[in-house]
Every structure is written in structure tokens, then in C-alpha cells.
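Per TrEMBL, the features are:
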type	residues	note
TRANSMEM	12-32	transmembrane segment
TRANSMEM	68-88	transmembrane segment
TRANSMEM	100-120	transmembrane segment
TRANSMEM	126-142	transmembrane segment
TRANSMEM	154-174	transmembrane segment
TRANSMEM	186-203	transmembrane segment
TRANSMEM	208-226	transmembrane segment
TRANSMEM	246-267	transmembrane segment
DOMAIN	296-359	domain 'MIR'
DOMAIN	370-427	domain 'MIR'
């Protein structure tokens, strides 16, 4: 029974000396002097801000891609004990002593170093000669641009690492297919392919190209398997399910998990959350949550509300009115109704408050019990401070002559009667009897008399007579539900004061009710994903922007870092894709 003790235990292993040497050289070239220069280099000024926000748990949105790459950079800061206190305001700024430069640059450097042995193994799995594989690895090892971008807090080396890992994993899986199907190593490489693809996409959306390539390759290979007479239908089904699990289900789940961790870490309000919906903002600690926490959930007749435009472009704004009227004639000679102005105002203000009134009753307070407003109900919106009714009529809007002017009605005793009835349409309702809810409901206001829809036009600001505020119109032809036509209640209280003076005091006071509003993870993920995909403004290009042609001709030259005393500089061509030391 103990006979195995009579002989020594011997372990044999094959070691590819070339592979080990390439790995060591890759690590040396990327890690040597990693802290130099101890100053902000090019896009470190960009990614460093996100690392600081992670350290402080402050929410942000980056339109360049998903959050996984940023979280890896933040992991380096966390492991180095970074507290997030550094002002990332300019390239070349010297790092303070609390910034762990080596830790922040470590993960990109390791990823860049491991690209060298990965390149060698990819060519070996493609059955190229040892010399060809060695030559490819040496090209990766000695490429100056790859060395440079691997040594700083950038995402390119991490993206390339996961792309190469995905390709290598699939090649190893494919080469095991003929003789080791469903073995442990077969499953390992197949699953690693899906994981690496998800990580590549999670770093930057450029990884989608590799993911699509491998999905198409796997589909082609499976198509060839269908014609193999040696495989039974059950075996084909198992192969199909295995590939679906590893290459589709697991990557999708992993991609969702990146956002789950991202949102779990960033639970505090910050400067970026204002582009999100009111419901999203209210789910964050601080900021809007401090204002909206404890508000009544259901909007009722007599409710005092502020209405935020869902689109939030060109900036977030709230339905607003003030005592000033539209000019009798505009600069272009067109006439107006000379009624009280209604605008969309991009700041919190007491003039943003409106009262939801039942057209059949005179009272402006919430009854006991409250009578909730439902989808399809007819309401009047009374401006809280001036007590004038939201109105529209067949008069051209100031900046959008094809749309109707929106105003608060003033009775000039002329042949222009009030038209102030609005139908509430809850766009994201689950049924036609849904109650209008604070923050959660996205609502259209359809004018009863003209069927025009209340809309923030999204055009440039009004002239000086409108205090440069944003135009609000009645859109006559409303097909679909464009976000500029949607409004949600952001601040809300149940009105208690019938007298105007008491009501003004009430409008200036904070709310004190007790209802919580929490978004599900999937709701937050969907909104954040949509913002990432649509936030980028193509009209805003910085001075270092370059076209794809510039990357080939290398005409564009920009400085990535300049030594403060010697004048030694690091310069790049076109963009972060190419570098030269000067």
C-alpha cells in the first residue's frame, strides 16, 4: 500500500525556452523604469480622472466605451493605496507623492508584455514554423509604439492583450476538436475564448470586431461539422449548445457583470449624473436624491410639481414661466400673442413649479384622500407663482414658426379665449389605467383643442427678451414619442395651501414625505448603455483629433509629454496609435 514511497516522485515538464525568453524580455521592456516620467503623459490626464472617481465612488459616464478597462486601471490604483486626490488637469503635471504611479501603470505594462508570448503561440497554433513564430513575437517585442503605450496608464495594451488571448484560445480549442472533444482542456479553451472576447469588448468596442470574427469562424467550422457523417445528431446538438453557452451566453453575462460592478462601486452623485434621467439621478447617493428622497410617488390633483424634459439636449431643463410676456412683434416682423412666456430653464428655480389642477374644480390643493392622475386624464397646469394656466393656440412659436407658441394665458379681453386643457399620456405605462408617478413616468402632454404636443424644441436659446432660455413649443405633427416631447416629474409635493401667499411660501420649502424610488439594475444598465452609445457629439472635435488617413501618412504631430527642464519630449503621430521619442 505504501509502495510508492520506495521510489522518488519525479515530475517532468516540457519548457519552451524561446517562449520563456520572450516573456522575460517582454516584461523587462515594459516594466523597466515604469515610473518615468513621474508626470501625466497624454491620455493619462483622461483616464486618471476616472480612476479618481472610482476611488471616491462618484458616478461618471465615459462615452468612449464600457467600464471594464477603467475598472482595471482603478484596480491598479486601489492596490497601490491611491485615495483619488489628484488634479488631472494638464499633460505634464508632476504626480504628487500620494499617487502610486508604478501601480497605476502596472496592469497595462503586464498586458503589453504578455502580448509578446501570445503572438508567438498564435503562430505556433496556426502551424507556422518556429522561426516565423519567433519573428512575429520579436516584432511585437521591439515595436516602439507598442512599448510606449504599454508603459502608461492607457487601455490600448489591455485591449490588444484580450484580443490576442481570444484568438489564441479559439485556435487551441479548434486544434483539440478532432481528438479531444469535450475534454477538460477543450472546455477550458472554449470558455476562455468567450471570456476573453467579453473582456475585449468590455475594454473598448473595438473588441467587437474580433468577437464577430471569432463568432463567424466558429459558425463556419460548425457548418462543416454538420456534413460530417461520423457525428450523430445528438453530438451535433451538444457541440452547438457548448458553443452557444461559451461564445454567446457567458460573454453576455460577463458583459452585464462589468456594468453591475461599475454601478455598485459608483453609488455617489457627481458631475456626470445630470445627463441621466431623474429616476437614475435619484438612485444615487447625494445630489438629486437629497432633494427627491421621501416625495409622494403618485401625482394627484393639487400636486405641486417640476417637469424635467427627458431629452436633456442641448442641456437638461425644466418647464418654466415668469411674468415677462412675448414681444408684440419679433425681430423678423412676425407677431406674437403677447402672452406670458413659457420656456425650458436649465437651472433649479421656484418658477419651475406647476400645480396639477382638475378642470372641473377650483381648488389647488390635494384632497383627502388624494385623487391620483391616470393615463388619459385631462388636466390644467397652473404656474405656481403667477397662477396663470399653461396654454397654446394657433400662433407661431418665436423660433419655430411651424410649431405653436406655448404660453401662460393672460385674458386681454380680446377674441383669443383660453385653450388650457391637456391630456396626460404616460408613454412607459404598463396599462391604460396606470397612475402618473413621480420620476418614474415619462409623460406627453397633448393639447385637447389642437392635438399639439408640448415639446422642448431643442433650438438655440431665445433672444434677450427671453433671457436666453430654451424654447418650448406645441408640436402639431407628432409621430412617435421623441424624447423632446417627454417630461417627467422630478420634484413633487402635495399642495396644502389654497391662498396664493401661503402657496408661495410652500413652493419655497423642501418636501417631507416618505416614498422611496429605486431603479432595477437592468433599468439602470439600459439607460447607461444607451448614453454611452449616443452621448458622443460628432461636432465637438479637440485640436489633437486626426483622421484615419493621418495615421497612414503620419502628418499630424502632437506632444505627449515635455520634460520641464531639459526639453526632452515624447511625441506621437496622428493619435495614440504611434509614438516617437525626440
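Here the Cβ of each residue, glycine as well, is placed from N, Cα and C on the backbone.
Outside the transmembrane segment (126-142) by six or more residues, the chain places 18, 22, 25-26, 29, 115-117, 119-120, 171 with a CB less than 8 A from a CB of the stretch. The DSSP breakdown of the domain 'MIR' (296-359) into helical (H, G, I), extended (E, B) and coil residues amounts to 3 helix, 30 strand, 31 coil. Contact counts against the transmembrane segment (154-174), taken as Cβ pairs under 8 Å, peak for 186-203 among the stretches 68-88, 186-203, 208-226, 246-267. Mean pLDDT for the domain 'MIR' (296-359) in the predicted structure: 89. Within the same chain, the transmembrane segment (68-88) packs against the transmembrane segment (246-267): three or more Cβ pairs sit under 8 Å, each pair at least 6 residues apart. Among residues of the same chain six or more beyond the transmembrane segment (208-226), those with a C-beta under 8 A of the stretch's C-beta atoms are 163, 166-167, 170, 174, 177, 193, 197-198, 200-201, 236, 239-240, 243, 247-248, 251.
For the transmembrane segment (12-32), the residues of the chain that approach it from at least six positions outside its boundaries are 106, 109-110, 112-117, 120-121, 130, 134, 137-138, 141, 147, 150-151, judged by C-beta separation under 8 angstroms. Panel annotation: around the transmembrane segment (246-267), residues 53-54, 57-60, 66-68, 70-71, 190-191, 193-195, 197-199, 201-202, 211, 214-215, 218, 284-285, 521, 524-525, 528-529 of the same chain, lying at least six beyond its termini, place a Cβ under 8 Å from a Cβ of the stretch. Note: the domain 'MIR' (370-427) comprises 0 helix, 26 strand, 32 coil (DSSP; helix = H, G, I, strand = E, B).
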